[in-house]
Amino acid sequence: MLVSAKEMLDKALAGHYAVPQFNINNLEWTKSILLACEEVKSPVILGVSEGAGKYMCGFETVTAMVKAMDKSLGITVPVALHLDHGSYDGCYSCIKAGFTSIMFDGSHFAIEENIEKTKELVAAAHKAGLSIEAEVGAIGGEEDGVIGMGECADPEECKKIADLGVDFLAAGIGNIHGIYPENWKGLSFETLAEIKKAVGDKMPLVLHGGTGIPDDQIKKAISLGVAKINVNTELQLVFAKATREYIEAGEDKKGKGFDPRKLLKPGAEAIVEECKKKIALFGCGGKA
Ligand code: 13P
């Protein structure tokens, strides 16, 4: 059954581990992630960006696919279907389409407008039984055309947004979407500690840009109150690598190796393995 992300993240924060948000792009992605999480009994948040939602024929198609797959695969772990970096309109579309969680990314607005829109969406999401994530301080890198500067959030602004009743908060601490540049300075744990002090012990914090952050920094972030870590690019990279190796080995030319069920299999299996690695690192295996 699809659930809101609130309970799983409150539990993660109290238990000092993090729940993964794995972003989905299609049926294979969804299936691999669900099977991996079921195998190691981890709760999971399926992230859908607006671009990925459009690619999958709209949010209603996504909800129908995820709900049906959850049932037909016999998934028993808690699964939240979550809008990633949602616009104001996108949030309303996902509430209507049956998502169980949304993120409103108002980080590009002036703080007053971010507060005003977040407040309204908190009420709308909670009324419909969804959890809601908000963002302060843009995340760096590029995702679906949204380009951030990798800034560190202002703890005072974090408190203002947290006090609106959001269920979990994304706050920039030097993290970047996609592959980290060679000269990246690492996460700012100073900022993270200040944010935690400002928002209090009960607010699960979200770390975006989970791809490529060194393991020791991931663990330290979890110890400082991060309870949700988003991973997207890394699954794309392992899928592409496994698919390339299959084709470069000429496997698609042997027998019926061009059959999509065979062609996409190595990539799909690579996603399962990568998810299990992240779950072990985040400490959420067996927590479902
Ligand atoms: P990566 O693509 O860097 O893993 O970031 C994912 C993310 O933060 C989705 O919101």
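Cβ coordinates come from backbone N, Cα and C, glycine included.
In the record from TrEMBL, residues HIS177, HIS208 bind Zn(2+) 1; the candidate from HIS16, HIS82, HIS85 listed for the same site is HIS85. Site annotation (TrEMBL): dihydroxyacetone phosphate is bound by GLY209, GLY210, THR211, ASN230, VAL231, ASN232, THR233, and the candidate from GLY178, GLY257, GLY267 recorded at this site is GLY178. For the binding site of dihydroxyacetone phosphate, formed by GLY178, GLY209, GLY210, THR211, ASN230, VAL231, ASN232, THR233 according to the record, the largest Cα to Cα distance is 11 Å, rounded to a whole number.
Summary: among the binding-site residues (GLY178, GLY209, GLY210), the fewest other C-beta atoms within 10 A of the C-beta are counted at GLY178. The CA atom of ASP105 (Zn(2+) 2 binding site) is located 17 Å away from the CA atom of VAL231 (dihydroxyacetone phosphate binding site).
Checked against ligand 1, the binding-site residues ASP105, GLU135, THR233 give THR233 in sequence order as having a Cβ less than 6 Å away from one of its atoms.
Looking only at the recorded positions ASP84, HIS85, GLU135, HIS177, the one with its C-alpha closest to GLY209 (dihydroxyacetone phosphate binding site) is HIS177.
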